[in-house]
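This report refers to the structure that appears directly beneath it.
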Amino acid sequence: MGQEKHVFTIDWAGRQLTVETGQLAKQANGAVLVRYGDTAVLSSATASKEPKPLDFFPLTVNYEERLYAVGKIPGGFIKREGRPSEKAILASRLIDRPIRPLFADGFRNEVQVISIVMSVDQDCSSEMAAMFGSSLALCVSDIPFEGPIAGVTVGRVDGKFIINPNVEQLEQSDINLVVAGTKDAINMVEAGADEVPEETMLEAIMYGHQEIKRLIEFQEEIVKAVGKAKIDIPLYEVDQTLADEVKALAETDLLKAIQVHEKHAREDAISAVKKAVVEKFEEEDRDEATIKQAKDVLNKLVKNEVRRLITEEKVRPDGRGVDQIRPLSSEVGLLPRTHGSGLFTRGQTQALSICTLGALGDVQILDGLGVEESKRFMHHYNFPQFSVGETGPMRGPGRREIGHGALGERALEPVIPSEKDFPYTVRLVSEVLESNGSTSQASICASTLAMMDAGVPIKAPVAGIAMGLVKSGEYYTVLTDIQGMEDALGDMDFKVAGTSKGVTALQMDIKIDGLSKDILEEALQQAKKGRMEILDSMLSTIPTSRGELSRYAPKILTMKINPDKIRDVIGPSGKQINKIIEDTGVKIDIEQDGTIFISSTEEDMNQKAKKIIEDLVREVEVGQLYLGKVKRIEKFGAFLEIFSGKDGLVHISELALDRVGKVEDVVKIGDELLVKVTEIDKQGRVNLSRKAVLREEKEKEEKQS
């Protein structure tokens, strides 16, 4: 590629897409600067010169956010970017998934693909620019890669599909779909939707693929102009003589072990066969490299037989039919002090979800490159080692946990009631207690149960199911409700979540080059059938959301005031609102339109805070009577508090019907007097009269007599 700068441009979805090569990051194997509108992303691809001694392909994909891209300085003391945001982690996964299947089997050189977001135009997706740049950086490099791939975002407004919708269009869209693929097929799908039918989702996917083809043609033109020749990297291969020897030793016993239906018994049986082969080789003083290859042959034998049984005999490892769901059970209300809890079990996969309700002030504040500043609905996913019967370090959430949590959040968000109808922050935590595949979808089902148990008035229950695929040449089998072994040894993990009305979330990962429309259609329809069965099971446990919230959940009281009076409630430097919070123990959130949310676990404290606020914003009216308390006495009169925060003066001449010599002769501090407002002067000072009230009472008595 040399040192010369090259620039390539096309129009993409009504905006200019420009690629620059040859100027930046020239020591990487491949690097491109992608400009999409005012968004700019630098993508680079680098590979190690030697293969790593690993039994997997060491690919790392990073999407790096820089706050300077949106003109921000990071908060905190350090003033530099720290750990990646949730959005950055999800974007890294989004780019990794369509790229990973396009490296050859046996590729063991470490590959690192890094996209640095340098400028952000909110209407021009930095994630799509980074995906395009990551593919192109690999393609123009000398790293062997069977791309290119590209991705687009598809929205739908008023029934019409839109490629790469802007922020305003996305807010109106009932679909937010990211689809990626090669020129010939789709290999990654990620979507959120507002209960959209399967047929429409399939249309959106295929609509996006047409635009992907254009982007791939553009990449091919660039590669033809500036691409490097691919280097010859040796692939890891097993010695065929050794493979035949291991096969002769173990194949018969492995075939029997594979057909044991129970997970742990099957794993133990397979492990025993593998152990016998390894021990034989150790007795023969075979070297470590040979023993490692023997283990790889054994794993390949297991994989091939599981796949053969599924494609040729339609027999699954646990004996189910291809469209059969594992036994289902569910339960709610397990944890008495939580606001809501739901347990969902599907075979040997089990998730317990807990719903917690909070005030609107408990929203998550987002500090990133997007336009969204906060969110009031959160779903977090935890996967402890004991769920698979293993030990391991307890760390914070990794990419997988964050990805599964976000998928559940996307699936459930369309059914969360609006802030107006339900002024609460909602947090769901899903604890995976047992795992044999499809835990993310179990967490969606358990979370639905937890919200219904908590009394959240969701629009409809949501269930999720994971579909699998085993493909051999032109023949393929779509599997419903895949378990761990089918996920590990199969070709697809296609997660579909939704209500009885339609899809709310999709996520598809594959290990082959891509999928045809026919396979996608079959998988979606088979998933719909399974989802309906799961929903029926869940609704037999709890048919509708509970009619009232847990007594341990905060009670939220809503009131409305004149927006001009907000400053009176807050007070100088927040003094007034902090005093209300201190006196009552409530939480107070104030909207700009004057809507106030008061929350507490004690309803009487909510009412007390409401009364204080009402008094603070109350308008004094001339001619009205008020019961005031004497707060201060001067020679010329008494100052009364007629309601919280509002004082008025009763002049000495207005204290009684007769002449008063000293104020103290009539009132003392703490006395309560019924007074009438006679005047509010230009400075807002309130003049009161006790004499006027006494005169009216006297006249009334005289009339009655």
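Cβ atoms are placed via backbone N, Cα and C, with glycine included.
The Mg(2+) binding site annotation in Swiss-Prot covers Asp487, Asp493. DSSP assigns Asp487 (Mg(2+) binding site) to a helical segment in the three-state reduction.
According to Swiss-Prot, the domain 'KH' annotation covers 554-613. Per-residue pLDDT, averaged across the domain 'KH' (554-613), gives 93.
Look at Swiss-Prot and you will find 623-691 tagged as domain 'S1 motif'.
Neighbour counts were taken at the CB atom with a 10 A radius for the binding-site residues Asp487, Asp493; the maximum falls on Asp493.
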